[in-house]
Amino acid sequence: MISTPSSSSGGSSEDDHHQNNKNHSTPNNKSYEIEGVGFAVEPLRNCPHFSDPNCFNMPYQDRKALKTLFSTIMTKLEDSNTDTASAPCSVCGDRAENWFCLQCHSVCCSRYRKAHMMNHFESTHHPMVLSLADLSIYCYECDAYVENPEMTRLMLRELHFAKFGEYPGGRDASVEIGEAIERLKVDQRKIREIEEQERQANEESYRAFEILAEKIAQAEEKQIICLTGAGLSTSAGIPDFRTPGTGLYDNLQKYNLPRPTAIFELDYFHENPKPFFLLSRDFISTGYKPTRAHYFIRLLEKKGKLLRLYTQNIDGLEAKSGVSDDVLVNCHGMYDTAHCTKCRKKYTLAEVVQKIGTAEDVVVPLCDKCGGYVKPDIVLFGEDLPHRFSKCVKADLKNTASKCKLFIVIGTSLTVHPVAMLPELVKKGCTRALLNREKAGPFKQHEGYVTEIGEESNYLDLFLGGADLTIDESVDRLCKLLGWEEELEELVKQGPVDLVEKSKDEEEH
């Protein structure tokens, strides 16, 4: 409610009320000054007189009775020559600022006129009155503006109609309804457009799977190269490196590192090797198993289609899935072998596991020959990539006689170089496909799921995945299109290769 110094009020004496205006407050109401407007008065909401039949006598639930009552009062306006929208005072006939008694339904003027409503209260003890000017309600007993929406909502609506010829919001409401209908029509068009875009995207996404399945089926011997990253292993329970909150770099607090990447830095390894071996033991001993996507790559090799698998992962799950050493390139190394950092003596995985032990405080493995650190062949920051990486890249991608017709990228953000550049090295005519939660590397340049590349559109980039589709689900969809479902299930049932036992066998031979 907004009041100004000239607003009507039902309580206190005239002198008291002028003093209250001076203090910007009515006796029992909080009020707030609004610059240039007046005072906002907060009505009491706990007035007990609404429920007292000796104080409040209104058919507040009977719309017809209310309409008749207020129409009778306001009919007196039609007989008047004044434009003032208020019924006349029953005592003096004044029409400026009148109040309506909510008990006996008398109409009397305010204290700003001749104070006949205040006199009415003093003689009848009917405390509750309603302003015919601004439709506010005042209680003389509470000496405050009051409010009870449950009991007065319909009453005030009917009085508003009798006074103004329309319900609250009348013409404006019809305009608003019309505008709302137009907005609804626009929203519905937008919804249809979004639904159509989603339908087209779903069709294009499925088409990408169909094209890739067709390319895989058409691939001849050793014409497919795969490049994998940490996303390939997340469903095995191994975190990737960079995802905020869940990535490995965000969960290394227990190692007390100066910075998250220090655990994979060569200089820090020489300074404090224990965190690296604690993490390494977790990788080796936890018993992580290959995912369905790992076995899918193994299936590509089993069918003779896989030329090479380049992996940035150090978890060894590609080897555990059964991918052969001849096909596998561990770009950043693996735990299957180790060397002394001083004399370069070679150690097997089984020997490293034995040296590390199972005690809570990990034992840093030392060389039997010179006492140097025995470090698994993991590439740390500051070290060169394995010679096998550059050798295979030259043969597979930089050779004019390269057989690669399909390059599949799985589960990597393509941010770590030089491995991230491999998709850029494929020959024209080679199809590239990305299975990942989001686009990465050269695939970011394209919208949609299927993109024709080159002036003659002679090869394709395919994006398979998105936030709602895991890599394993993408693989299952491909296998269904290829008719390889049973063969994939057979490999999954066979289970992983034991790399420790494998290293023992290699040592014996």
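Heads up, the Cβ atoms here are built off N, Cα and C, so glycines get one too.
Worth saying up front: this structure is predicted, and the values here are computed from it rather than measured.
The feature compositional bias 'Low complexity' is assigned by TrEMBL to 1-12.
According to TrEMBL, the compositional bias 'Polar residues' annotation covers 22-31.
For 202-485, the entry in TrEMBL reads domain 'Deacetylase sirtuin-type'.
Positions annotated as active site, proton acceptor by TrEMBL: HIS332. With a 10 A radius on its CB, HIS332 (active site, proton acceptor) counts 19 other CB atoms from all the protein chains.
The feature Zn(2+) binding site is assigned by TrEMBL to CYS340, CYS343, CYS367, CYS370. CYS340 (Zn(2+) binding site) counts 20 other C-beta atoms within 10 Å of its own C-beta, drawing on all protein chains shown.
The sparsest Cβ neighbourhood within 10 Å, among the listed binding-site residues (CYS367, CYS370), is found at CYS370. Close to the recorded Zn(2+) site, the chain also has THR341, LYS342, ARG344, LYS345, ASP368, LYS369, GLY371, GLY372, VAL374: residues not among CYS340, CYS343, CYS367, CYS370 whose Cβ is within 8 Å of the site's Cβ mean position. Model confidence over the domain 'Deacetylase sirtuin-type' (202-485) is summarised by a mean pLDDT of 85. With respect to their backbone Cα atoms, CYS367 (Zn(2+) binding site) and HIS332 (active site, proton acceptor) stand 23 Å from each other. All protein chains considered, the CB of CYS343 (Zn(2+) binding site) has 12 other CB atoms within 10 Å.
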